[in-house]
Amino acid sequence: MCGIVGAVAQRNIVSVLIEGLRRLEYRGYDSCGVAVLAGGEPKRARSVARVADLDEQVRETRLEGVTGIAHTRWATHGAPVTDNAHPIFSRNELAIVHNGIIENYETLRDMLRGKGYEFISQTDTEVIAHLIQSLYSGDLFAAVREATGHLHGAYAIAVLHKSQPDTVVGARQGSPLVVGLGEGENFLASDALALAGSTDRFMFLEEGDVCELTLEKVRVFDRDGKPAARDVRQVAAYGGAVELGPYRHFMQKEIFEQPRAISDTIPQSDVFDASLFGETAPKAFAEIDSLLILACGTSYYSGLTAKYWLESIAKIPTQVEIASEYRYRDSVPNPKSLVVVISQSGETADTIAALKHAQSLGHKHTLSVCNVATSAMVRMTELSFLTHAGREIGVASTKAFTTQLVALFVLAATLGKMRGNISAKQEADYIRQLRHLPAALNSVLALEPQIIAWSEEFSRKENALFLGRGLHYPIALEGALKLKEISYIHAEAYPAGELKHGPLALVTEAMPVVTVAPNDALLEKLKSNIQEVRARGGQLYVFADADTKIVNDEGLHVIRMPEHYGLLSPILHVVPLQLLAYHTACSRGTDVDKPRNLAKSVTVE
Ligand code: M6R
């Protein structure tokens with residue numbers, strides 16, 4: 001999704017800005033651009049192709065400057081065409097880049113048109129550009145502070161003005177922005193990752209902050225217009241670019257990294273201890289009587305899986321909600337409910353807004369399960385549990401999902417223990433099973449050649465159904481999401497018992513029905529559902545645990561999974577579904593790591 005980089009330096013800064021955009025590319029974008037102050041004027045280059053194309057343009061035109069801003073845009077207002085690409089100018093004096101959405105842009109546009117401002121783009125960003133320009137009287141910092149008072153919605157912006165050649169001003173509300181501190185130079189970015197190689201010292205701006213960067217100084221004012229001190233944090237983890245190695249795509253690499261990612265996420269300790277979730281977790285966990293899980297997409301499905309664990313292991317009532325729905329509906333808050341936000345990026349706008357909403361309703365204890373230690377969500381919650389998936393580049397989430405499941409299982413077992421629902425023997429068994437997971441996953445990954453054979457057939461389909469029951473229904477949902485996201489095949493998932501209540505009407509010989517078949521308490525019920533599909537000529541593709549006795553037959557294609565893995569089985573069963581989606585997408589020749597219309601980190605509502 002949209003990305004920002006900005007810099008004030010004493011050297012030509014264009015290559016730093018372009019490199020920053022490259023580091024943000026994996027998030028998804030459809031145009032990009034850079035502007036610098038050159039010879040006292042703002043000059044820019046923009047492209048509706050890739051950052052590499054922008055790089056060529058700036059080399060050819062010899063675009064150079066010591067103060068600059070740059071952007072990758074994921075279109076919201078206005079098509080991905082050059083006129084809408086950022087930086088956006090106002091009267092050739094001011095340049096701006098913007099992440100987020102301005103909700104009152106129409107009112108502001110009318111007001112600014114009345115003042116003689118001409119609009120060239122269809123973007124809401126141009127409104128901010130002209131608004132700041134209209135308020136400018138020699139002090140860009142002051143003009144931005146005043147302008148932000150008129151903006152409704154979410155934004156992170158970086159602005160420069162021809163009359164202040166050594167200054168970049170930034171502001172944030174609802175979208176992340178971070179200041180990078182250098183020696184005699186300073187930087188701004190929507191993600192610290194963009195500045196790897198330039199600095200490892202960062203100030204994470206807070207909601208409502210406005211900052212001014214000059215060569216030697218960074219000033220921050222808070223939402224009340226008062227000078228604010230923000231902690232400087234050393235973030236060394238933002239190393240170099242992630243290599244693809246022997247893999248064809250990052251998604252494939254990330255699927256195969258799961259044994260390592262899971263082993264890094266499993267706590268070292270031989271016991272489940274609340275302090276794994278933060279210093280105050282023992283007290284907080286003792287005070288709660290239920291859980292409210294908020295998340296989006298794949299992270300939502302990990303929450304749905306966790307509900308089964310939390311209610312069966314910890315016997316604690318658990319509600320799971322799609323963040324973008326929860327934030328806008330009337331709900332009955334329970335201050336004794338622990339709010340859990342789950343997110344790979346920790347920056348998903350809908351989840352952040354849902355968390356804020358829950359906090360505003362009086363929810364006291366909050367926990368984030370997240371893959372990015374410095375993310376907004378981790379900073380906003382009282383408690384946190386970090387997944388150690390490592391950087392996930394592919395838009396389709398894989399290792400982030402399975403590591404979230406590990407984290408949530410540890411949460412269920414910890415609460416179960418605190419509430420006296422698991423014995424010492426059970427605790428030791430869970431720990432042993434967790435530790436054996438990486439090896440079990442390796443045996444599932446070894447099924448890849450069989451899955452490739454199936455994917456050839458899937459690549460010729462336009463629809464698919466996914467079935468699961470109980471704990472594995474969210475896994476069916478996740479399998480369907482993976483397939484549609486990267487192969488563009490329409491896929492739906494159902495709890496297998498729901499089939500006869502409607503979706504069975506879709507079953508013909510042309511409809512592949514992917515079934516997740518663990519050897520659990522619902523196996524016999526699932527076998528009946530399988531027969532319902534076979535009786536209608538449907539083609540079943542079943543991932544069956546070795547001990548299920550489901551075997552190949554007419555209309556019944558089976559890939560044998562390892563022995564049943566008890567409550568942790570969803571973590572194994574999702575992996576062949578990831579591989580099926582991946583290889584089907586490869587056969588169809590789609591852009592696996594950057595599927596159309598999607599972004600890695602969804603920082604707008
Ligand atoms: O970073 P988050 O986990 O908060 O992201 C939530 C969703 O946008 C994300 O899981 C999305 O559904 C993935 N592309 C799915 O593969």
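For all residues, glycine too, the Cβ spot is worked out from N, Cα and C.
In TrEMBL, annotation is done automatically, which means it is predicted and not curated.
The active site, nucleophile annotation in TrEMBL covers CYS2. Sequence-distant neighbours of CYS2 (active site, nucleophile) (same chain, six or more apart, CB under 8 Å from its CB) are TYR29, HIS71, THR72, ARG73, TRP74, HIS98, ASN99, GLY100, SER190, THR603, VAL604, listed in sequence order.
If you look up TrEMBL, you'll see LYS600 marked as active site, for Fru-6P isomerization activity. LYS600 (active site, for Fru-6P isomerization activity) falls within neither a helix nor a strand when secondary structure is assigned with DSSP, and so counts as coil.
For 2-216, the entry in TrEMBL reads domain 'Glutamine amidotransferase type-2'.
Across the domain 'SIS' (281-421), DSSP helix (H, G, I), strand (E, B) and coil residues number 64 helix, 27 strand, 50 coil. Annotated domain 'SIS' per TrEMBL: 281-421 (among others), in sequence order.
For the domain 'SIS' (454-595), the DSSP counts in helix, strand and coil order read 72 helix, 32 strand, 38 coil. Annotation comment: TrEMBL describes 454-595 (among others) as domain 'SIS'.
In this model, the domain 'Glutamine amidotransferase type-2' (2-216) carries an average pLDDT of 95. Neighbour count (other Cβ atoms within 10 Å of the Cβ, all protein chains): 23 for LYS600 (active site, for Fru-6P isomerization activity).
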